[in-house]
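Engineer: Checked Swiss-Prot, it gives:
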type     : residues      : note
SIGNAL   : 1-29          : signal peptide
CARBOHYD : ASN187        : N-linked glycosylation site
REGION   : 291-311       : region 'Disordered'
CARBOHYD : ASN302        : N-linked glycosylation site
CARBOHYD : ASN321        : N-linked glycosylation site
DISULFID : CYS330-CYS396 : disulfide bond
DISULFID : CYS359-CYS428 : disulfide bond
DISULFID : CYS363-CYS430 : disulfide bond
CARBOHYD : ASN372        : N-linked glycosylation site
Amino acid sequence: MHVRSLRAAAPHSFVALWAPLFLLRSALADFSLDNEVHSSFIHRRLRSQERREMQREILSILGLPHRPRPHLQGKHNSAPMFMLDLYNAMAVEEGGGPGGQGFSYPYKAVFSTQGPPLASLQDSHFLTDADMVMSFVNLVEHDKEFFHPRYHHREFRFDLSKIPEGEAVTAAEFRIYKDYIRERFDNETFRISVYQVLQEHLGRESDLFLLDSRTLWASEEGWLVFDITATSNHWVVNPRHNLGLQLSVETLDGQSINPKLAGLIGRHGPQNKQPFMVAFFKATEVHFRSIRSTGSKQRSQNRSKTPKNQEALRMANVAENSSSDQRQACKKHELYVSFRDLGWQDWIIAPEGYAAYYCEGECAFPLNSYMNATNHAIVQTLVHFINPETVPKPCCAPTQLNAISVLYFDDSSNVILKKYRNMVVRACGCH
């Protein structure tokens, strides 16, 4: 038994680029009219060269110049947990939830949040316009003693220098957790303010710009969300101006309060309550992969042949189409991509893999209605039947493609959730 090589059906099908390489789990399947797939998988271990080729191709499609090697701080920190909530929301939105059709099995999370979702309805709204979400870990945090009237501040810094080119910030949030306070400030009201640091000075306070503030009771607990969209855009365009954020807590009469005493959790708190930043991005330009030529030389050679007997060739074509009826018609077949088998489980959080599928089969005259043939393909089939040396048969290609979302760490241990379009074949047809 051997693994069949897959044929490139159309230039927009990414599967064609991986056809010689997908040997780890490919299968031929009968695809019935009710979209039920029956398959018998063929397994064999990848050789080192094959693994490297696959890794290089998939990284290129994911838009990554190299394999990320993060200094992992744990998948159960607050930032990865928040991003997992967004990942699950995006999967449900695009049909990847239980019973959904958008993402094919197995498309599931590696771990669960096992608690109330961190993401809000507003975050889900931001997902609608975004094609990439990044969370950023706090690089520096320490309390500073300033001159009157501000005595207590907490500083946060985030590295936005690794943002891919062509991505624009559509929304950005700073998130910090506030615990319930049982003593001292029982009935007190706090004003929590977040500032952008414009310029730092020796011996006096930094120049600050107020970004957002919230007023709340000392007894309140939960995640506090501050809008920092404006400064995030500025930092992406001018990274040298990124001097971080400052946070202050005051009573309504202006008394400065230590953020820790107000219940705000810093980097030394529990993993699932540490502060972080999240930004939503949308691509301002589309990048296309170059399409490799496959078989154009052979096709031109076939077209250059002039038959001596046109009628004999036409009769041979009739026989060819008769035998095509006995061969498999254009259908969807199973093809599973396993990130775990590629050894990427240390930086890809979710999914472990996904069912990509591919299209293969005959597009012979006459085309049946279930082949999802275009009008052009119908005409092309007829012309090929009459004059096969002039026009080739239509190709079996995807007619519907779906996206997948991939959640992963970058080199700086930031968590990225990115949507990749046209990655899963939903339906096949003749083109």
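Using the three backbone atoms N, Cα and C, a Cβ is placed for every residue, glycine included.
Small disclaimer: the values here were computed from a predicted structure and weren't measured.
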Engineer: Recorded positions ASN187, CYS330, CYS363: which have a Cα within 10 Å of CYS428 (disulfide bond)?
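Structural biologist: Passing the 10 Å Cα cut: CYS330.
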Engineer: In whole Å, note down how far the CA of ASN372 (N-linked glycosylation site) lies from the CA of CYS363 (disulfide bond).
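Structural biologist: CYS363 (disulfide bond) to ASN372 (N-linked glycosylation site), Cα-Cα distance: 10 Å.
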Engineer: If we check Cα distances from ASN372 (N-linked glycosylation site), which of the recorded positions ASN187, CYS330, CYS359, CYS396, CYS430 wins as closest?
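Structural biologist: Spatially nearest to ASN372 (N-linked glycosylation site) by Cα position is CYS430.
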Engineer: Return only the integer: C-alpha distance in Å from CYS330 (disulfide bond) to ASN187 (N-linked glycosylation site).
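Structural biologist: The Cα atom of CYS330 (disulfide bond) is 71 Å away from the Cα atom of ASN187 (N-linked glycosylation site).
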